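J.: One structure is given below, represented as C-alpha cells, and several questions about it will come after.
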Amino acid sequence: MSGPGCPTRCCSFPAVQKRLPVLRWLPRYSLAWLQLDVIAGATVGLTVVPQALAYAEVAGLPVQYGLYSSFMGCFVYCLLGTAKDVTLGPTAIMSLLVSSYAFHDPVYAVLLTFLSGCVQLAMGLLRLGFLLDFISCPVIKGFTSAASITISFNQVKNILGLQGVPRQFFLQVYETLRRIGETRAGDAVLGLSCLLALTGLGAMKSGLGRAAGAEPLCTRVSYCIVWTSATARNALVVLCAGLLAYSFQVMGCQPFTLTGRIPRGLPAFRVPLFSKVTHNGTVPFSRMVQVGAASDVLLPSASQNDYRIEPNQELLAMGLTNLLGSFVSSYPVTGSFGRTAVNAQTGVCTPAGGLITGALVLLSLAFLTSFFYYIPKAALAAVIICAVTPMFDAAIFRTLWRVKRLDLVPLCVTFLLCFWEVQYGIVAGVLVSGLLLLYAIARPPMKVSTQGELVVQPGSSLHFPAAEYLRDTVCKHLQAAPTPGSVVLDCRHVSSVDYTAVLGLAELLHELRKQGLALTLCGLQVPSRPGSCCWHRHRRLLWRPNCTRATQHLESGLPPGPAATCCIS
C-alpha cells in the first residue's frame with residue numbers, strides 16, 4: 001500500500017534527497033570541482049573575516065561575535081542548502097536589526113538567534129515560504145536603501161574617531177555634526193584612505209576582463225595578482241591598516257582608535273542563557289522574549305545562475321544554522337548578497353566551498369586574534385561603508401515613476417520610517433502594499449458603455465469587497481444614461497466569483513426587476529476541471545434555453561455556470 005502520506009514514500013531516496021540536497025551532488029563530486037571550490041572558499045574566507053569583525057560593530061557587539069557567527073552557516077548550508085553560490089553569515093542589514101533588539105548585550109543577541117532559528121525552522125517545516133511573496137519589491141528596495149544610509153552614517157563616527165555618539169539615526173546625525181570639531185586626524189586620514197583604496201580596487205575589478213588562455217605567462221600571472229587583490233580587497237586593506245597601526249605602536253605613538261583585545265580561541269559550545277542576572281536582580285525568559293524576540297528572513301536570489309532555490313528548504317537551512325549557532329554564541333545570520341556574488345564570480349561548483357570558508361574562520365579565531373587587536377576601527381568602518389553603498393538604489397524612484405507611480409507609496413513609506421525604526425518601516429511598507437492590493441480587489445476597473453443597452457465589463461474577478469462597488473456602478477450609470485433595454489455584464493475577464501459577489505448580483509437583479517430591466521451575463525469562464533466550482537453540477541439547469549430556471553438558481557445563491565451567455569429576465 002502506497003499513498004501520498006505513506007511512510008515508505010516519505011522515507012524514499014528522492015524524499016531524503018529533497019531534505020538533504022548534499023546527496024544530489026556528492027555522488028558526482030570530482031577533483032576538478034574540488035579545485036574550484038577550494039579557490040572560491042578561500043576567496044570568500046578572505047572576505048568574510050574582515051566583514052564579520054566590521055558587522056559586529058554595526059550590531060553593537062564585541063567584534064569576536066562577528067567571527068562566532070560566521071562559521072556555522074558554512075557547514076550547515078553545505079548539507080541543507082539548495083544553491084551552490086549562497087553563503088550564510090553576518091550581514092549589514094541583519095546586524096542593524098540585531099542592534100535594535102539586542103541592546104548591545106550578547107546575551108540578548110544569542111537568545112535572539114535561538115528564537116529566530118526556531119521560527120525559521122517552524123516556517124520551513126510548515127511550508128510557509130510562500131509568505132515571502134507578500135513582501136513587494138518596493139518595500140524591499142525602500143528598506144535596503146534606508147538601511148544603506150543608516151549603516152553608512154553609523155560608521156562616520158568611527159571614520160572621524162568620535163566616541164559616545166548615540167545609535168539612533170537622527171540623534172546620531174545631530175551629535176556627529178555638533179562634535180565634528182573633535183575629529184581625530186589619524187582616524188580621518190586612515191578612514192578616507194581606506195575608502196579610496198576599496199573604491200579603486202572595486203572599480204578595477206568591475207573593469208577587469210577575462211585573461212585569454214593564449215596570453216603570455218607573465219600577463220596571466222599579472223592578471224591573477226590583480227584579480228586576487230581586487231577580489232580580496234577587504235582583507236588586503238584591513239591587513240595594511242593593521243600593519244600600519246602596529247608600526248606606530250612599536251614606535252610608541254598610536255594615532256588610530258584600535259579594535260582592542262579579542263578573546264583567543266573558539267567559542268564554548270553551551271546552551272543559550274534563558275535568563276540574565278543583573279545588579280537589579282534576574283531578568284526572566286518571558287521578559288527577555290518580550291523585549292528582544294524577532295526574526296528576519298532573507299532569501300538570496302539565484303535567478304542569475306540558471307537555477308531556482310526552494311524557499312522552504314532555505315528556511316530549514318537558515319533555521320538550523322541559527323539554532324545551532326546560538327550554542328556557539330552567534331547572533332542571527334542570513335544570506336549575504338555580496339559574498340554570494342564573490343562565490344559565483346570565482347566559479348564555485350558546489351556548496352562544499354563553504355567548508356573552506358568555515359575552516360578559515362575557525363583558524364582565524366584560533367591563531368589570529370592577537371593580530372586583530374591592531375586593526376583600526378576606521379579601516380573596518382570603510383569596509384562596511386563600501387559593502388552597503390551598492391544597496392542604495394536611486395534609480396528605483398525614477399523607474400517606479402515611469403512604470404507605476406502608486407508603487408512609490410510603499411517605497412517612500414518604508415524608506416522614511418526605516419530612519420525612525422527599521423522594524424516599523426518594514427511593517428508599515430508591508431501594510432501599505434497589502435492595502436493597495438486589497439484596494440485593487442475592492443475597486444476593479446469597470447469599463448462602461450451605453451449603446452442601446454448598458455454594458456458593464458469588470459476588469460478582473462469579482463470578490464466580496466467589490467460586490468457593492470459593482471452595484472453602485474450599475475445604478476449610477478442607469479441614472480445618468482437614457483433608459484436602456486437591458487443591462488449586460490460582460491464577464492470575459494472574470495475568472496472567479498465568490499459567494500458574497502453572487503449575493504450582490506442577486507440583489508442587483510431584484511433592483512433591475514423593479515425598474516423593468518433585464519440582466520444579461522456573457523463571456524463567463526468555463527471551470528478548468530469538473531467539480532472545481534460549487535455550481536458546476538447545476539450547469540444544465542442554468543444554461544437551458546428557459547431563462548426562468550437560470551433566474552431561480554441565481555436567486556437561490558448559485559452563480560452562473562460555464563456557458564457563453566445567459567439572459568435573465
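Here the Cβ of each residue, glycine as well, is placed from N, Cα and C on the backbone.
Pulled from TrEMBL, these are the listed features:
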- 451-525: domain 'STAS' (DOMAIN)
- 32-53: transmembrane segment (TRANSMEM)
- 65-86: transmembrane segment (TRANSMEM)
- 106-126: transmembrane segment (TRANSMEM)
- 315-333: transmembrane segment (TRANSMEM)
- 353-373: transmembrane segment (TRANSMEM)
- 380-401: transmembrane segment (TRANSMEM)
- 413-441: transmembrane segment (TRANSMEM)
J.: Counting Cβ pairs closer than 8 Å, which of 65-86, 315-333, 353-373, 380-401, 413-441 has the most of them with the transmembrane segment (32-53)?
T.: 353-373
J.: Mind checking which residues reach the transmembrane segment (353-373)? Cβ under 8 Å, same chain, six or more beyond either end.
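T.: For the transmembrane segment (353-373), the list is 36-38, 40-42, 44-46, 48-49, 52-53, 63-64, 67-68, 70-75, 77-78, 81, 84, 87-88, 242, 258-267, 343.
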J.: Select the range from 65-86, 380-401, 413-441 that forms the most Cβ-Cβ pairs under 8 Å with the transmembrane segment (315-333).
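T.: Comparing 65-86, 380-401, 413-441 against the transmembrane segment (315-333), the winner is 65-86.
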J.: Quick test of the contact rule: Cβ under 8 Å, at least six residues beyond the ends. What residues does that give for the transmembrane segment (65-86)?
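T.: Non-local partners: 19-22, 25, 48-49, 51-57, 59, 106, 109, 113, 267, 300, 302, 305, 307, 309-310, 313-314, 316-318, 320-321, 324-325, 328-333, 335, 340-341, 343-344, 348-355, 357-358, 361-362, 364-365.
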J.: Quickly jot the same-chain residues contacting the transmembrane segment (413-441) by Cβ under 8 Å, restricted to those at least six beyond its ends, or write none.
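T.: The answer is 96-97, 100, 134-136, 138-139, 142-143, 145-147, 149-150, 169-170, 294, 406, 460, 463, 465-466.
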